[in-house]
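Shown next, in structure tokens, is the structure this report addresses.
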Amino acid sequence: MNDLKTSKLPVQDIPSDDLDPYQAAPQELRDVWKSWTKTKAPFPEVKQKLQPAQTTIPEGLLVEEFVTFVLEHLFTLFRNDPRGLESFIDKCDPHEDGQALSMENAVPSGIPDQKSFSKEAFMHYARSTFVQPIQACCNVRSSLSRASTVTRISGLIFLPDLLPPIVQQCLLDMLLHREFSKPENQTNFHLNYYVSYPDNQASFFSTLPHLSSLTPKDPAQNKPLSNRTALDKSLHWITLGGQYDWTNKVYPAEAPPKFAEDIASLVGNIFTDMIPEAAIINVYSAKDKLSMHRDVSEEADRGLVSISLGCSCIFIIGMQDKTTGEILYETLRLNSGDAVYMAGESRYAWHGVPKIVPDTCPEYLQYWPGNLYPQWSEWMSKKRINLNIRQMFESGVVGHDS
């Protein structure tokens, strides 16, 4: 697939000594960030200085990427738990024209054991059954027409509504049901707790809220947490692929766990100038914030992809003009399905989230995880999930000599 016109953008010429992960953001940016933390509803309109961005993504190919992504997820649900397939289809958003997926004939009849049904056979069946309603849910013409560059931040591309609701639902399932349950993917829990995983890598949302999956490493320092407290209040981040060391601000030297192929394919086929190798899933509750920082630990200077799910947020990004010393910044409101691509000079820009906008989770995600795990229904209603994806190594291979 052709990508956005970003591959030729030069990365800002910053001496390597200046790429200090511990360095504080300029005071002016910190002041802007702090001012937003004090803002209360009703929120003022965010006046964004944007210019239309020319894209080279063909609509048909983008729709095909979305269709393939959804069908891959449907197959996983069908193979692992038909209840999950039924729950997913029941909650799928029909979008603007009213067309939606239907459970009627969703599972082929005459199959005594879904595990004996090959992926090839399922995909053939699913394409004849689901492609048209999935396509109807993907209004890519509207989203591509709104792609913008940010006037004051060179190289930053803003893509409102890039992911349609059905793709957002699939991605959320993959991140929080599947990737969260893989022991190789570290979380903020691992710093202070021993984590007991559900059998057969089942979702943590299959656990009972009053029980506990976390045992304190030091009971004198940390209290036991019920699953309810852990998932509602204490889950802040999950790492995928390259497991970032938050203490030392580096990636481990050993080969990282394999990055999820379906997510890598979706992201990599849209943003073709970067190879998805590592990601951080940031989990925000209503009062959470992310201080101003730069992502500078990667060897590669390829673009960084940020995808928003759930509640909206205020996003601040800025950098210092190397010639004039002026602080250039922009404030964006990011909604569910929006994507930001930080390439060129914006790759090493300071950025942060001072505010989650309450009560803004779209209806099609509010009730997640829905009927499949009713004890956790509406968990997403007050949450924001940010998937932040980057390439670690210039060659795409661990251990590459730069």
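Positions of Cβ are set from backbone N, Cα and C atoms, glycine also.
Taken from TrEMBL, the feature Fe cation binding site covers H293, D295, H351. The Cβ of D295 (Fe cation binding site) has L304, Y348, N388, R390 as same-chain neighbours under 8 Å, each 6 or more residues away in sequence.
What TrEMBL lists as domain 'Fe2OG dioxygenase' is 275-393.
Feature annotation from TrEMBL assigns region 'Disordered' to 1-22.
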What is the set of residues, excluding H293, D295, H351, whose C-beta falls within 8 angstroms of the centroid of the C-beta atoms at the Fe cation site?
M292, R294, A349, W350, G352
Among H293, H351, all listed as binding-site residues, which has the most CB atoms within 10 Å of its CB?
H351
